[in-house]
Amino acid sequence: MEVLDKAVNGYIDHLLGPKDPRVRGWLLLDNYVPTILFTALYLFIVWRGPKYMQNRPPVSCRGILVVYNLGLTLLSLYMFYELVTGVWEGGYNFFCQDTNSGGDADTKIVRVLWWYYFSKLIEFMDTFFFILRKNNHQITVLHVYHHASMLNIWWFVMNWVPCGHSYFGATLNSFIHVLMYSYYGLSAIPAMRPYLWWKKYITQCQLTQFVLTMTQTTCAMIWPCKFPMGWLYFQNCYMISLIILFGNFYIKTYNKKTSSRRKEYQNGSASAVNGHTNSFSSLEDNVKQRKQRQD
């Protein structure tokens with residue numbers, strides 16, 4: 001393992017240059033191998049998990065899901081608050097912010113973004129709960145790609161650009177996750193389901209987030225500072241991939257639903273729905289609708 005660590009990290013250091021000394025010795029950041037292994041284990045469970053559960057009854061994780069989603073809601077709220085206040089204290093420039101001119105605020109941003117990176121490891125549990133509950137239709141290419149890639153991307157971000165212009169996407173994403181995980185936590189409580197109407201708008205907010213992140217990243221390309229240009233190009237390419245995948249999800253999920261309802265009304269037989277769907281819910285007249293979770 002030590003030989004592998006040296007080989008992998010030596011190659012990365014040669015390719016990208018020296019790491020930011022502020023994160024030296026931080027949990028999971030010194031070596032890339034643990035992040036690779038966590039990702040490989042995640043992908044293995046995605047592959048083997050549904051097969052393992054195929055002839056087994058689904059596991060009801062309702063109580064655990066409430067606690068899990070509440071925990072991620074609070075963590076996301078903490079990160080959003082700390083990032084916003086850190087950016088304000090450091091007088092960050094929206095158009096371009098380097099990684100060394102914010103003073104103590106940079107240190108605060110680095111600390112919060114480590115938690116953001118670590119939260120991507122915690123969020124692997126999203127997929128594991130799908131597998132245990134046999135909601136395999138929710139384990140999509142979008143879902144797996146987004147979860148697996150974010151952990152790895154943020155390992156690199158934390159080691160080379162752990163503050164400065166990196167704050168923007170994480171700040172928006174933390175806010176979106178407050179909405180998203182509060183929704184999924186509440187959806188695990190039967191009495192709350194009739195009041196949950198905003199799932200569609202979460203996807204719209206995510207798409208808006210990607211567009212805003214691309215806009216802010218492009219600003220740094222047009223009015224550059226000392227933030228590495230290569231990271232900005234990569235960020236925009238990644239945002240484009242997410243816009244394509246999330247946009248495809250949105251069109252298939254919500255446009256199809258609208259078209260289906262229009263046909264039902266034209267036939268004079270519109271069916272009643274309760275305003276939301278989730279893996280626990282069942283609709284009236286034994287009509288069951290299943291939608292993919294987008295993140």
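Cβ coordinates are placed from backbone N, Cα and C, and glycine is handled just like the others.
Source: prediction; values computed, not measured.
According to Swiss-Prot, the feature compositional bias 'Polar residues' maps to 266-284.
Taken from Swiss-Prot, the feature compositional bias 'Basic and acidic residues' applies to 285-295.
If you look up Swiss-Prot, you'll see 265-295 marked as region 'Disordered'.
Annotation comment: Swiss-Prot describes 26-46 (among others) as transmembrane segment. For the transmembrane segment (26-46), the residues of the chain that approach it from at least six positions outside its boundaries are 1, 4-5, 8-9, 12, 114, 117-118, 121, 124, 127-128, 131, 139, 144, 147-148, 151-152, 155, 158-159, judged by C-beta separation under 8 angstroms.
Residues 108-109, 111-113, 115-116, 119, 122-123, 125, 129, 167, 170-171, 174-175, 177-178, 181-182, 184-185, 188-189 of the same chain lie 6 or more positions beyond the ends of the transmembrane segment (64-84) yet place their CB under 8 Å from a CB of it. Per Swiss-Prot, transmembrane segment is recorded for 64-84 (among others).
As annotated by Swiss-Prot, transmembrane segment applies to 112-132 (among others), with the evidence given as sequence analysis. If you look at the transmembrane segment (112-132), the same-chain residues 6 or more away from its ends with a CB under 8 A from one of its CBs are 23, 26-29, 38, 42, 45-46, 49-50, 53, 58-59, 61, 64-65, 68, 72, 75-76, 78-79, 82-83, 86, 138-139, 143-144, 147, 150-151, 154-155, 157-158, 162-163, 166-167, 170, 173-174, 293, 295.
Under 8 Å from some Cβ of the transmembrane segment (150-170) lie the Cβ atoms of residues 16-17, 19-20, 22-23, 26, 28-29, 32, 35-36, 38-39, 79, 83, 86-87, 92, 96-102, 106, 109-110, 112-114, 116-117, 120-121, 123-124, 209, 212-213, 216-217, 220, 225, 227-228, 231-232, 235, 238, all in the same chain and six or more residues away from its ends. Annotation comment: Swiss-Prot describes 150-170 (among others) as transmembrane segment.
Positions annotated as transmembrane segment by Swiss-Prot, on the basis of sequence analysis: 175-192 (among others).
According to Swiss-Prot, the transmembrane segment annotation covers 207-223 (among others).
Residues annotated as transmembrane segment in Swiss-Prot, with sequence analysis given as evidence: 227-247 (among others). Sequence-distant contacts of the transmembrane segment (227-247) (same chain, six or more residues past either end, CB-CB distance under 8 Å): 96-99, 141-142, 145-146, 149, 153, 157, 160-161, 164-166, 169, 203, 206-207, 210-211, 213-214, 217-218, 220-221, 294.
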